[in-house]
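Data block below; observations after.
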């Protein structure tokens, strides 16, 4: 572990089996500074929860995710009685679903109900739900745990059924989540540097795949660990009367997931897997690689040169100009903590922009969801917005007023963007906040619609063929032409 600066905090979580009446925790000097820790905490787990952790293997937590939109950024005790840290996560290409009903946990893993009450699904059964990551070492072994439970009311005419693939290889098929009941799929993988888990709807399914939670662990072999009873600077942690982790070979539920050619499913209706899936194995230092570029907050600081140049302010927050590694200029819209637009508006804008592609709609290049920091990264529109262009107040805009021909073309191009949203998107997408400062101009004064935070997808009414909503949204003083 290496601390980059004195403002950085790091923690590691290891699931280990206690085979003696005490535990040794050793800090080893690597010759790059005095090793230290600020705190050491011990949590006692149920012996059946992580059977791969035994006298020869430990599990290093790579990531543990609570999928779907939640009001809690981090779930832990008391929502998780074992104080496991579940980081809330959603991807802009996913839809988020939620239930207020209690979800019965899996018998062994005891997944918290608040984790199972949220889930991610794709927009349609034709789309796969994907999670990807990279490893620097193809000898590293991973254990992936997928938490799955149905939280929607499924009509008798519909069905949710999907397969699970790892790097394109079928590992579990015909998965049917059980209503308000948690189930798990466990799989061990190695021998790759890039990994992609895909949940893909079967041909029988009318509904998209679903995933409530995801855990990923690195398997750490204990053979040859460079510590022994004579090492100095060790901390002994006494065991309680009950083992922190008992040897799984002693219980009747032992399952060697690492060596099975197919995924192990518990609490889920699943068909047999006839594929020869990858064997259990792990990778070293890794990173997430989701389908849309995701920036860290540190990335945004670097891209914008510490948010040096502000080019605008809106309901979401300030907008800054920046540049990517290849020199491409971008606009970074950073959500303010005091913003009147919340997380849902942020996700609405991000999700809608990932599915619309038109020359008169602003392009989303990436996003940031890093703790409390949220931002959207767009293509840069150097001529600003139409409102300021018409008023001519901002110093960096061209002083020459727009000609009537230019104004007519901007109106026409804006209408083309709206037509695409209304007619070409399925379901139709209604912007609901069209105004001059949401029409951006590139260097050629070509118009592009922006700010999709209030937009909404509508199912058309069968009788009138007109989208209908009773909620009043938008900006006071404007009558949205939609």
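Any Cβ shown, glycine's included, is placed from N, Cα and C.
TrEMBL does not curate its annotations; it predicts them automatically.
Owing to the predicted nature of the structure, the values given are computational and were not obtained by experimental measurement.
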Next item on the list: With TrEMBL as the source, identify the stretch among 178-227, 228-277, 278-327, 328-377 annotated region 'Disordered'.
Entry: 228-277
Check: Across the domain 'Protein kinase' (305-482), what does the pLDDT come to on average, as a whole number?
Finding: 77
Next item on the list: Ten-angstrom check, please: count other Cβ atoms within 10 Å of the Cβ of residue 333 (ATP binding site), all chains counted.
Entry: 25
